[in-house]
C-alpha cells in the first residue's frame, strides 16, 4: 500500500492532496491516538483530580475546626485533630474534608478539583467550536495538531515543578492540558474521512465516485442549490440515499475499521501505562518523599509519553489541506483576518446547525437527553475518584487500580452489550436505558450510607474502601455501552450529508454539559463538607434522561432527517427555509422515502 496502487482522483478544490493513503500515514494516525488516549485515561481520568486535591490538601486546614493543618506532622497537632474528628463523628458529621483559600474564596480541596475540571471542560467546549472549522479548512491541520500536542504535553510535564505552595498553578495547567487534548482530538478526527477517501480500497472502487464526495469536508455548506419543486426534491433525496447506501459497503466499513483499531490501540496502551504508573507510585512511596512528588512524577511521565508519540505522528501524517475559507468576513491584518474568519465561520456554522436541530424534534429530544447523560457520566467519574481519595482515605495506588478496573471493564462492556442486544433483540435506545439503570446503582448505593441501620453494620453504602471496586466494574461496563451506542443512535437521526455539522453539535453538547455537574457537586461539597450528599444529585441527574431516551422515535426521526436533508439542498442562495418544516406525517410519501433509505 505504501505506493498507493490506485489512480489519483480529481481534486475537489485547489491544492487538495489526493495522493493515496499509505501505511506510513495510517501509522501516524494511530500513533497520535496512542499518545493522547493515554493522557486522557491515565491523567484526566485518574491522576489529575487526585494530584490537584493532594496539592491543595497540603496547604489546607481541616473542615471540622478550620485550624488544624490537613497534613500536620507534629504529634500534638495530630492528637488534637484526632480529638476533634472523634467529637465531630459523635455529632454525626463524619468528614475528612480540608478547606483552602483561593483568591479570597473558601473551598474544600475536593471542590477545588471539581471546579478546575468544570472550568477546563467549559473552556474546551468554546475551543472546540472555534477549532472545528480549522480542522476542515485551510493548511493549518498538521501544524495545529503538532501545536496542541506539544503545548498539552509540556503543560503536563510542568506539573513536576508545581509544589503545594503554588497549587493554583496546577489548576491553570489542567485547563491548558484539557483544552489542548480536546482540540487535538478534533484535528485528528478530521483526518479520518480524508484517510478513508484517499485509501486505495476506496479509490479503486469505480461504482460510486460521487459517494466519496459525500464524506464531510466542512461543518456545514455555506451555499445551497436553487429551489426545485417538491417532486424533484424527493427524487434528489432518493438518489442521494441510494448512493449513500452503496457507499457504506466500502467507505463506512473502512472508516469503522480504522477508527476501531485506533481506539483499541489507545485503550490497550492506556492500561499498560496505568500499570507502569502504579509501579512508579509504589516505588516512590516507599522512599518517603513528599506525598505529591510521586503524583507529579506520574504526570510528568504521562506528559512525556504524549510528547514522545506526538513527534512520529506529526512526521508520518501528511498536511492534507482543506478548502480555504474566504477571509473577507473580517477586516484587519492578514493573520488576524484569517483567524477571525475561521472563528466566525465556525460559530455561524454551529448556530445554523442548532437552528436545523431545533426543527428536528427527535434530534432535539435526544440532544436534551445527551446533555443530561453526558453530564452525569463525566460528573460521576470525578466524584467517585475524589470520594475514594477523601472519604474512603484510599491511597494513590488504590485509586489508580480503580481506574484500571473501570477501563478494563469498559473494554469488556463494549463487547458484551452487542451480544445482549442481539440475544434479547433490544433496540439501541433500550440498551442505552439499560446502561443508565445500571449506572443508577452507583449513586443509590452511596446514598445507603445515610441509613442508620446500614451505618450500624459498618459496611455497605460505601463505608469501606473495597466496596468501590465492584461499582468501578459497573461504571466501566456502562461506559463501554454508552460510548458506542449513543453515538450510533444519534447517527440514525441526523440529516444525510450533514454528519460533520451534527456530530460537532454532539461533541459540543457533551463537553458543554460536562462543565455543569462538577460545579454543582463542588457547591454541595463546600456547603456540607462531604461528598456523599452529592450522590443524591447524581441519582437525579442519571434518572432524568431515561424517559427522554425511551421517547425517541427512531423511525420518525429518520423520516424527518431525510426530508430536512432535501429541504436544506433546495433553499435559495443558502438562505435558511426551515420555518415551514413541521416534521414527518403519517402519509405514504414519508414511508416511501424510508423504504428508499433502507
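A Cβ is built for glycine as well, from the same backbone N, Cα and C atoms used for every other residue.
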>> Need the matching range: Swiss-Prot marks transmembrane segment on one of 56-76, 77-97, 182-202, and I'd like to know which.
In response: 182-202
>> transmembrane segment per Swiss-Prot: which of the ranges 400-420, 568-588 is that?
In response: 400-420
>> Need the matching range: Swiss-Prot marks transmembrane segment on one of 138-158, 159-179, and I'd like to know which.
In response: 159-179
>> Suppose we draw a 10 Å sphere around the Cβ of residue 285 (N-linked glycosylation site). How many other Cβ atoms does it contain, all chains included?
In response: 15
>> Let me spell it out: take the transmembrane segment (465-485), skip the flanking residues so only those 6+ beyond its ends count, and list any with a Cβ under 8 Å from a Cβ in it.
In response: 373, 377, 380-381, 384, 387-388, 392-394, 398, 401-403, 405-417, 428, 431-432, 434-436, 438-439, 441-442, 445, 459
> Looking at 28-48, 111-131, 263-283, 297-317, 489-509, which one has the highest count of Cβ pairs under 8 angstroms to the transmembrane segment (159-179)?
Replying inline: 111-131
>> Is it true that the transmembrane segment (400-420) and the transmembrane segment (28-48) have 3 or more CB pairs under 8 Å, sequence gap of 6 or more?
In response: yes
>> Pairs of Cβ atoms less than 8 Å apart decide it: which stretch in 111-131, 431-451, 489-509 has the most with the transmembrane segment (182-202)?
In response: 111-131
